[in-house]
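K.L.:
Pasting a structure here, questions to come.
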Amino acid sequence: MEIIIISGRSGAGKSVALRALEDAGYYCVDNIPLDLLPQLTDILSQSQSSVAISLDIRNIPNSAHSLKQTLSTLQKHHQIKIIFLEADRATLIRRYSDSRRLHPLSLKDLSLEAAIDEEYRYLEPLIQHANLILDTTHLSTHSLAERLREFLRGNSEKELKIIVESFGFKYGIPLDADYVFDVRFLPNPHWDPTLRPMTGLEAPVAEFLNSHTEVNEFIYLTRHYIDTWLPMLEKNNRSYLTIAIGCTGGKHRSVYIAQQLGEYFQAKGKTVKIQHKSLERNKKI
């Protein structure tokens, strides 16, 4: 039986994810204690082939050993995939303020901020077992559902999806990144008044960066690094590889380099999505 376990930070979108899986034909169970999972899956395996189970902080054991033991028991008999949903602290605080709901750990007389931090400490052992970590900070409900559908299709196709994204360090490092490359040491078009209003997608900025040997050398060496390890990553039964390229504001250097890397792997026949987080963020403002 295929089992998808949905977990993550409270407010990161577990309910939305579970509904998306239900729409995809999964038999869904919301919030069952982890210790009861082996018994539940034994019962469900008699009538179901695909099950999605949501776990929140209240149903995860404090002991990392107990967690590992339970997951190991399940993996002996079933196909287990764990999806962990993340969002940055400010977004979680805003979502709770908007919904006016209590955080599960607020019952321990903790402030919302303290409850969010405490929860993350509890969840850290589970993150180590996740097959997919999704940062929902900038994802709409529709986009989250689509990413999950892509993940499920990836399970059946056994094909690694590569996401190459640019970002600005001043907005924070993407939480779902597998690799983060810092390009702030490269020549910066920002200091040229004619290039400053443009982005790394525009020809004058691309020409400026392409004219510098160190930029081309960085792109070459980064391609070589990823090319070297990509076959092993593809064999590792994962669905996504997220490569994040960061500069100060996420407008020039990181955008150009992410675009170059993404197009390189597309030309090699890989399934690649290129996204520019800071550019998309600034469009919404």
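Just so you know, glycine gets a Cβ as well, placed from its N, Cα and C.
Bear in mind that the values here come from a model prediction, so they are computed numbers and not experimental data.
According to Swiss-Prot, the record shows the following:
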BINDING   GLY8, ARG9, SER10, GLY11, ALA12, GLY13, LYS14, SER15  ATP binding site
BINDING   ASP56, ILE57, ARG58, ASN59  GTP binding site
K.L.:
For ATP, what surrounds GLY8, ARG9, SER10, GLY11, ALA12, GLY13, LYS14, SER15 with a Cβ no more than 8 Å from their Cβ centroid?
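P.N.:
The surrounding set, listed in chain order, is ASP56, LEU85, ALA87, THR136.
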K.L.:
So, in DSSP terms, is ARG9 (ATP binding site) helix, strand, or coil?
P.N.:
coil
K.L.:
Quick one, of the binding-site residues ARG9, LYS14, ARG58, which Cβ has the fewest other Cβ within 10 Å?
P.N.:
ARG58
K.L.:
Where among the binding-site residues GLY8, GLY11 do you find the Cβ with the fewest other Cβ atoms within 10 Å?
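P.N.:
Comparing Cβ neighbour counts within 10 Å for the binding-site residues GLY8, GLY11 gives GLY11.
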K.L.:
By a simple count of other Cβ atoms within 10 Å, which of ALA12, ILE57, the binding-site residues in the record, is least packed?
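P.N.:
Taking ALA12, ILE57 as the binding-site residues, the minimal 10 Å Cβ count falls on ILE57.
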K.L.:
Around SER10 (ATP binding site), how many other CB atoms lie within 10 A of its CB?
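P.N.:
Within a 10 Å radius of the Cβ of SER10 (ATP binding site) lie 23 other Cβ atoms.
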K.L.:
Within the same chain, and leaving aside ASP56, ILE57, ARG58, ASN59, name every residue whose CB is within 8 angstroms of the centroid of the CB atoms belonging to the recorded GTP site, in sequence order.
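P.N.:
These residues sit around the GTP site: ASN31, LEU55, ILE60, PRO104.
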K.L.:
Quick one, of the binding-site residues SER15, ASN59, which Cβ has the fewest other Cβ within 10 Å?
P.N.:
SER15
K.L.:
According to DSSP, collapsed to three classes, what secondary structure does ASP56 (GTP binding site) have?
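P.N.:
Assignment for ASP56 (GTP binding site) reads coil.
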